[in-house]
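As annotated by Swiss-Prot, region 'Disordered' applies to 103-133, 449-469. Look at Swiss-Prot and you will find 135-419 tagged as domain 'Protein kinase'. Marked as ATP binding site by Swiss-Prot: Leu141, Gly142, Glu143, Gly144, Ser145, Tyr146, Ala147, Thr148, Val149, Lys164. Annotation comment: Swiss-Prot describes Asp256 as active site, proton acceptor. Summarising the annotation, Swiss-Prot assigns compositional bias 'Polar residues' to 456-469.
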Amino acid sequence: MCDLIEPQPAEKIGKMKKLRRTLSESFSRIALKKDDTTFDEICVTKMSTRNCQGMDSVIKPLDTIPEDKKVRVQRTQSTFDPFEKPANQVKRVHSENNACINFKTSSTGKESPKVRRHSSPSSPTSPKFGKADSYEKLEKLGEGSYATVYKGKSKVNGKLVALKVIRLQEEEGTPFTAIREASLLKGLKHANIVLLHDIIHTKETLTLVFEYVHTDLCQYMDKHPGGLHPDNVKLFLFQLLRGLSYIHQRYILHRDLKPQNLLISDTGELKLADFGLARAKSVPSHTYSNEVVTLWYRPPDVLLGSTEYSTCLDMWGVGCIFVEMIQGVAAFPGMKDIQDQLERIFLVLGTPNEDTWPGVHSLPHFKPERFTLYSSKNLRQAWNKLSYVNHAEDLASKLLQCSPKNRLSAQAALSHEYFSDLPPRLWELTDMSSIFTVPNVRLQPEAGESMRAFGKNNSYGKSLSNSKH
């Protein structure tokens, strides 16, 4: 079933600002330990139902996907260009931000944010959780419009952590997106979702303390250009779908899937990150060089102005990332704007109409006269390496559907034949169990690194430990 959520009316903005200030003050009394799972979700609103293929939920959010301005990482441009002319290279950006929403319905049907407050017990003679002096900053990892990420070390247990320091605005208080990220992540316990250890609130900042993960999928692909080892692609994709299935069953969307938001540990574990930190913005009518990359993984329904978001939104991003891992280039690397992005999609999948995508003509930005009329192609014509891997093209084709209702759900994708050669025990793991606890499940050396990573009897992930990110 699909749950539709109506947006809040504009006249509530004033009340929302007052609520932000109240919640900001409440954060000074919140200090959560690693094992505290009682921090509740915030936003509450009405739900109705809708259908989507597999097991999906449609959500119409309070806001839309954010644009990020982060640390740059250079990526390769696809050679499959519908305009058949050279274009300037686009640089991908690393993001600390994105929005993700979980909504519940109150017994009265009215919208009323709720926060349950907890403080963490601590010894007066030892470093405390929830205190800024409990962590040592080691180096800056990235900086966004209102948040900075540092590599840090816990003085409590000596473990490495990632510190997201969010600068607070006096008038607005704690940003709802930061509250949302904290509330969601404290309730999500899964091996393939980044773990939130602690929350620190001061007058000027709100700091979210995460487990430290060595690199992300974007950097990993930059380090291994030309496409990843097929076995590693399968393990990364399996973990991505595992994490998404977990949050989708809880009516949570990630809404900003891209390689920069998928962390890779030194043992090869993939973890979903960046839940709700960014400020929300409208889908832009134009973009700038450091924003254009965020369009690469955005589905055509959103590009065309749809605001009825479902778990199918995330599944489009999965398809794009799957193709990129195999082919070694982004699936749809638009170079200019939304129009260009849609042209690249339609060149491969065909220009939609009411027969292939019922309801497309009602989308705000769909103007048939603006688009070249393309016929759909086999995906291997665009990305030839899909044909080298059993069942890869079929799975990609079921994820990269223009009509959101036709996209495979995360749970259904896990049962696809593409994964049929993996050990059955992978489907029996508990949520917090890593896939690498199953015998014989391990990453393979990427091209050219066998001697470097395995010749000295080292674990695979040690080659990543010196990555700067």
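Each Cβ is built from the backbone N, Cα and C atoms, and glycine gets one as well.
A quick note: this is a predicted structure, and the numbers were derived from the prediction, not measured.
Cα of Ser145 (ATP binding site) to Cα of Asp256 (active site, proton acceptor): a span of 17 Å. In this structure, the recorded positions under consideration are Leu141, Asp256, and the one with the smallest number of other Cβ atoms within 10 Å of its Cβ is Leu141. Across the domain 'Protein kinase' (135-419), the prediction's mean pLDDT works out to 89. According to DSSP, the residue listed as 'active site, proton acceptor' is assigned to coil rather than to any helix or strand.
In the three-state DSSP scheme, Ser145 (ATP binding site) is classed as coil. Cα-Cα distance from Ala147 (ATP binding site) to Asp256 (active site, proton acceptor): 17 Å (rounded to the nearest whole number). Overall, the recorded ATP-binding residues Leu141, Gly142, Glu143, Gly144, Ser145, Tyr146, Ala147, Thr148, Val149, Lys164 cover a maximum inter-Cα distance of 14 Å.
The local packing around Ser145 (ATP binding site), expressed as other Cβ atoms within 10 Å of its Cβ over all shown chains, amounts to 14. For Glu143 (ATP binding site), the number of other Cβ atoms no farther than 10 Å from its own Cβ, over all displayed protein chains, is 15. Its Cβ taken as reference, Ala147 (ATP binding site) is surrounded by 24 other Cβ atoms within 10 Å in the chains shown.
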